[in-house]
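*Asks:* One structure coming up, written as structure tokens, with questions to follow.
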Amino acid sequence: MAANSSVVSVAAAATAVPGVSTVADFSDLQEIKKQLLLIAGLTRERGLLHSSKWSAELAFSLPALPLSELQPPPPLTEEDAQDVDAYTLAKAYFDVKEYDRAAHFLHGCNSKKAYFLYMYSRYLSGEKKKDDETVDSLGPLEKGQVKNEALRELRVELSRKHQARGLDGFGLYLYGVVLRKLDLVKEAIDVFVEATHVLPLHWGAWLELCNLITDKEMLKFLSLPDTWMKEFFLAHIYTELQLIEEALQKYQHLIDVGFSKSSYIVSQIAVAYHNIRDIDKALSIFNELRKQDPYRIENMDTFSNLLYVRSMKSELSYLAHNLCEIDKYRVETCCVIGNYYSLRSQHEKAALYFQRALKLNPRYLGAWTLMGHEYMEMKNTSAAIQAYRHAIEVNKRDYRAWYGLGQTYEILKMPFYCLYYYRRAHQLRPNDSRMLVALGECYEKLNQLVEAKKCYWRAYAVGDVEKKALVKLAKLHEQLTESEQAAQCYIKYIQDIYSCGETVEHLEESTAFRYLAQYYFKCKLWDEASTCAQKCCAFNDTREEGKALLRQILQLRNQGETPTSDTPGTFFLPASLSANNTPTRRVSPLNLSSVTP
């Protein structure tokens, strides 16, 4: 990505941020706290409020510094002193969102701080006008069609300054943001990497870089600075790339070295458990986080997703009311209320709140995906497709949006499109059985039964959360008249259901017992056939067949019909599914490249 020469060349410009240097590890927490307090002030001066808040929260989690260790603010340069009046006035206008006015009074300033605020004010002015035009003239699904008209001018000016080595770490960050907005991804990555070398303490640059990394291979080729901030970046990107085990190891390491009181790290761990669907663990961590930081709004939409999945209506209602009292105009609050109405099956109201969230922040990923789900519930497939596509525009790593598009095209009976989107979802979540089952169903519809069998088998091997894969595989074997394999799958399905203490509410349980009863009957295994037939009598849809089969077995026994001599034990575990030959070993590697729409 960014060449070392370019990093060195830009490093000379970093002198505009005096005193900002980092240590490579966590051996000196006092020094790290000083750095965090310093960068919190520097980002606040430049209007980078989210980065300032992140740094301040992290600093707060570390032990307090003695008076002798507290550092004074960096001294003013000659250029800063000349621009101090214009900067002070412009910053006041900036803080009340009068961006054009701020830029007007900063025009011609020479200090790097004033220059950054001048360019950033112009950028935010363009963003504000774009959002205002979007809200006034178009529905929320059309946001991507309105552009920030200031971007091209900003790119030309920042590029000229960059070539002249006149950008400090903050200027590089803004240049990268402009490039990303213009979809110049490779150039943006190079610039963000430079920004992390020049000013490694600025979390905003790391976060922007994180949003552009699409896979682990891409991450390997980045030339990143050797600093403790890199550990926070890696933990975050691992979570985003669904590499949850690696992410949790990183966060545990950060806790061990001294950040155990960081609400940011605790929330990220909860998000990681949410991503691997360890719902109980994630709920427990979020509840503990709410006790420690009761007015926190960040990540509460993720917490509401967990409450939604568990159908915890009263808890979700309490959370929605609580967040409304704190700040009802936050994006996360709107998403929580949307989830609350969705759980109550009031999908029109839910979609309305997700639209409100998007008016507040058009790039808020969760709202696009959740709105797509609501449109699916309302059978509005065209609107759902638009919403999911916008989610992918915001973040191509969002497997839920790819999966949602697959479901939508499945409803529209367009299997080739459906296959493409399910494959993209599977690439992002290779060990998620839901993606594999969906792929298998798609291959079935395309009559690619070998690929379908691979998918169902793999879904079972990685841990079938919905208990569907074995039944679907069994039915596929039935269709191919592979009776022994079908019986093995049904037996394993029954054993799995009973071993985990499931009730008899599974829809396919009666199907499994009916097939096994008939299979054992054909094999003249009267005891096993009789056991399965008796089980069939417990279900309404198979009761009569079970009784009829029991009568036939009794009649054949009375006639002296003898069972087969090689009778296995009841509900035997076939060798192919035994503990010493697990499904994971038998399943062939999944090749999903055979069909390309």
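Any Cβ shown, glycine's included, is placed from N, Cα and C.
Keep in mind that this is a model prediction, so the values were computed, not measured.
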*Asks:* Can you check which of SER159, SER345, SER578 Swiss-Prot annotates as phosphoserine?
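*Replies:* Record lookup in Swiss-Prot returns phosphoserine for SER578.
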*Asks:* Three-state secondary structure of LYS147 (SUMO2 cross-link) from DSSP?
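*Replies:* In the DSSP reduction, LYS147 (SUMO2 cross-link) maps to coil.
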*Asks:* Mind checking which of LYS147, LYS467 has the fewest other CB atoms within 10 A of its CB? They're the recorded positions.
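*Replies:* Each of the recorded positions LYS147, LYS467 was scored; lowest Cβ tally within 10 Å is LYS147.
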*Asks:* Residues of the same chain, at least six outside the repeat 'TPR 9' (366-395), with any C-beta under 8 angstroms of its C-beta?
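*Replies:* For the repeat 'TPR 9' (366-395), the far contacts come to 140-141, 143-144, 211, 301-302, 331, 334-335, 338-339, 342, 345, 347-348, 350-351, 354-355, 357-358, 401-402, 404-405, 407-409, 411-412.
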*Asks:* State the non-local partners of the repeat 'TPR 7' (297-327) in its own chain: residues 6+ outside its ends, Cβ under 8 Å from one of its Cβ atoms.
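*Replies:* Counting only partners 6 or more residues beyond its ends, the repeat 'TPR 7' (297-327) has Cβ contacts under 8 Å with 267, 270-271, 274, 279, 282-283, 286, 290, 333, 335-337, 339-340, 342-344, 366.
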*Asks:* Counting only residues 6+ away in sequence within the same chain, which have a CB under 8 Å from the CB of TYR273 (phosphotyrosine)?
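*Replies:* TYR273 (phosphotyrosine) has long-range Cβ partners ILE244, ILE279, LYS281, ALA282, ILE285.
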*Asks:* What is the average pLDDT across the repeat 'TPR 3' (114-144)?
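*Replies:* So the average pLDDT across the repeat 'TPR 3' (114-144) works out to 75.
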*Asks:* Roughly how many angstrom lie between the C-alpha atoms of LYS467 (N6-acetyllysine) and LYS147 (SUMO2 cross-link)?
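*Replies:* Spelling it out, the Cα of LYS467 (N6-acetyllysine) and the Cα of LYS147 (SUMO2 cross-link) are 46 Å apart.
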